[in-house]
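Going by Swiss-Prot, these are the annotated features:
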- 365, 366, 367, 368, 369, 370, 371, 372, 373, 387: ATP binding site (BINDING)
- 266-280: compositional bias 'Pro residues' (COMPBIAS)
- 139-255: domain 'Gnk2-homologous 2' (DOMAIN)
- 40: N-linked glycosylation site (CARBOHYD)
- 57: N-linked glycosylation site (CARBOHYD)
- 66: N-linked glycosylation site (CARBOHYD)
- 108: N-linked glycosylation site (CARBOHYD)
- 128: N-linked glycosylation site (CARBOHYD)
- 178: N-linked glycosylation site (CARBOHYD)
- 202: N-linked glycosylation site (CARBOHYD)
- 286: N-linked glycosylation site (CARBOHYD)
- 289: N-linked glycosylation site (CARBOHYD)
- 294: N-linked glycosylation site (CARBOHYD)
- 432: phosphotyrosine (MOD_RES)
- 488: phosphoserine (MOD_RES)
- 524: phosphothreonine (MOD_RES)
- 532: phosphotyrosine (MOD_RES)
- 1-26: signal peptide (SIGNAL)
- 27-302: topological domain 'Extracellular' (TOPO_DOM)
- 324-686: topological domain 'Cytoplasmic' (TOPO_DOM)
């Protein structure tokens, strides 16, 4: 019974010891002097996102990856690498486990690193400051074997040891040799060697530096590690020294990886009796030796069986939890059938949260009727604009589905590009390319910014909008009516080229369909055509009307939603321009900022085209194909325009002053009380 109890105690001891070795096999070094962050902060989220992708990034880059993610003070810099020759799956597992270990141990430190591995050697390092090319000696971490070289053998041992260390340091820090034999940067500074020692068998050594440092710095880092061993652990039978920029390990047995306890082969028996043989695993400084009597010795097979059973059990539990979690996530983000047809990428919510700083106010670009827009940056450095639809808006969900299906089918230089979407729980996100110069109205209606839009730029903007709408109506696979063309939905890129945005109200027409009706009218007052406002009827000619309003706004620099008095009548911009046309005083319309650098005949021709677009009868309005033709060919004679719709007559209740308004003041009216169902029609390519 006593023997059995002793065996149980020893089993428990070796069970704990085995986990002690496993914990050392993933040693993390957290820098407590570099700074800290709050859990779940933007920096923490960026760190988690970056490290969670490291395994695939490192293997994709042949064993070495150096990158960053985030913006400003929340930016995370990281490096990952494997020893040269590591199989991709082995390298991937090593990086994955090492990164996870750092996340679990370095809970709030802004800097940390870990050299680890059981089948191969790998490194993961992160910081809130760029460290590429800089030698990192601190913080350092070290381990040693508590057993020692016998004093009478020390001199002979040192002669072999010193020569081996010198040779290995020179080999590891020689980038010329390694670069000539390796396609991967991970092998730039790497060396391993074995030297026979007459008393203790073989001395095995592995050294490696990160490839971003110079050969001189690599040599310095490894020499510092050797000096550290000589000063503090000289005479020990094995040492591991870890620094941010280099790895140093030697043992009296051959080994794989960084901290494994597996012997590739047993060292040859010593020629004369020695003290008890060295431990097969490096031990931490407070580890003590256990002397086991013959009658209480437990077999290695029993220990292995216990460890295997426990490890397998833990793995099964973890796998079960992961499967359950993934099933739950799939249920939460299951998409409607119509979204599955979309040709766009579905982003994980955590990716978008990390890219936008968890939708921070600092990254907010603006807000609209159905949500807010944020700037962000993806892991690969791509800048994005994220539209976050309001959680309380029923119309937002309809528009979300509509926009994904519509925009996913479109590819044109004058249409904003949809990169993807995210639909998880209550979050509905649309991810677009980032367009740096905001929208047309930001410049056009600001007296201090309007001077940046000279006539050449404005003419180019009109031409780009024309090509974009023509693509929607005629040249794309689908016939699409935008229904919400306005200055705030025309974005401008870095070169002031226009991109049409916001397809939440867009409708897809059949091949032979020319007109559609809706019982619920939505849109912005002033841009909507008369037939759409009064009868709910829309077609390609509805977009033409909106385009005509845009032309008049671009040339005049005036808002269509403002009121203007002329000849005793109250006019919006469209009817005001018509009166100028009738009075042949079109020069009064031209924005003073472009009068000096434009040809008045050319500008008046553009106004003429704008008036043709806003005619009351849809049949009188030209198609976008015709508009494109007359804009690019000045020799084509234009027909005389007919009066536009929405005349404001000077009668009772028509004077804006009686409503508390003054001439030129914006009414800013929009039809928001009624919601269009925006039913998504079947997508049929032409």
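Just so it is clear, glycine is given a Cβ too, placed from its N, Cα and C backbone atoms.
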Neighbourhood of residue 57 (N-linked glycosylation site) by C-beta distance under 8 A, where only residues 6 or more apart in the same chain count: 65, 67, 80
Structural state census, the domain 'Gnk2-homologous 2' (139-255) (DSSP three-state): 50 helix, 34 strand, 33 coil
Cβ packing number for the residue listed as 'phosphoserine', 10 Å threshold: 18
Which same-chain residues, if any, lie at least 6 apart from residue 532 (phosphotyrosine) yet have Cβ under 8 Å of it: 521, 523, 538, 542
Top Cα neighbour of residue 367 (ATP binding site) in the set of recorded positions 108, 432, 488: 488
Cβ packing number for residue 432 (phosphotyrosine), 10 Å threshold: 22
40, 202, 524 as recorded positions, winner by CB count within 10 A: 524
Sparsest-packed of the listed binding-site residues (365, 367, 373) - C-beta count within 10 angstroms: 367
PLDDT averaged over the residues of the topological domain 'Cytoplasmic' (324-686): 80
Residue 371 (ATP binding site), number of other Cβ atoms within 10 Å: 21
Per-residue Cβ crowding (10 Å cut-off), top of glycosylation sites 108, 128: 128
Packing count at residue 66 (N-linked glycosylation site) (other Cβ atoms within 10 Å of its Cβ): 21
Integer Å distance between the CA atoms belonging to residue 365 (ATP binding site) and residue 128 (N-linked glycosylation site): 26
Cα-to-Cα gap, residue 371 (ATP binding site) vs residue 432 (phosphotyrosine), nearest whole Å: 14
Secondary-structure category, per DSSP, in which residue 40 (N-linked glycosylation site) falls: coil
